[in-house]
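Colleague: My structure is below; once you've seen it, I'll send some questions.
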Amino acid sequence: VLPEVYDQDGEPLRIGERYIIKNPLLGGGAVYLYNIGNLQCPNAVLQHMSIPQFLGKGTPVVFVRKSESDYGDVVRVMTGVYIKFFFKTSKLCVDETVWKVNDEELVVTGGNVGNENDIFKIKKTDLVIRGMKNVYKLLHCRSHLGCKNIGGNFKNGYPRLAAVDDDKDFIPFVFIKA
C-alpha cells in the first residue's frame, strides 16, 4: 500500500476535506484562484508571494476521485486525484473549479472529474523547509504522456503555476487544513 500524504498537523489528507496548498519557501505563499482578463469565471491558478500585490491567505481546495477507491478517503502518494477549488460561486461558474493544464502548460480551472488528462499526483520530497516536514511536489499526469512537475512562471506579470519539463524544477508545497 502506498504511503499517505500528510498535512502540517501530521494528519493524512482526506478526500473531500478542505486544504490550503502553500509554498513554504521564504517569499512563497498559498495557491489561489484569480480572474485575469475579465473572464466570466475566474480561472487562473496563482501563488501568493511576499510582495504587497500578491499577499493573501489562498483559496481552499478539496481533493476528489472519479470513483470509490480501495484507498478509502485518504490521499496516498502518486495516486491520481482531481484538485478542485472550494469557494462560493455563481451557478454559471460552478463547473469552473477543477484544475487542469491548458495548451500553454499553465494550471487553470475548467477541468473535469473523470477526464484522464486532468489528473494530478502528489509526490513526497526529502525537503525540510523552515521546520516543516511533509513537503511535497505536485505532478500533472496526462493519460499516456507521463507526469510533469508543477513549477511556476511569471506569465504576464502574474505568479502562475505551470507544468514544467525539467525534473529538478518544481515548487515545494505543504498542505494546511483550511
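Glycine too: its Cβ is placed from the backbone N, Cα and C atoms.
Residues or ranges marked as disulfide bond in Swiss-Prot: CYS41-CYS93, CYS141-CYS147.
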Colleague: In which DSSP state, out of helix, strand and coil, do we find CYS93 (disulfide bond)?
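Modeller: Helix, per DSSP.
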Colleague: Going along the chain, which residues six or more apart from CYS41 (disulfide bond) have their CB under 8 A from its CB?
Modeller: ASN35, THR89, SER90, LEU92, CYS93, GLU96, THR109
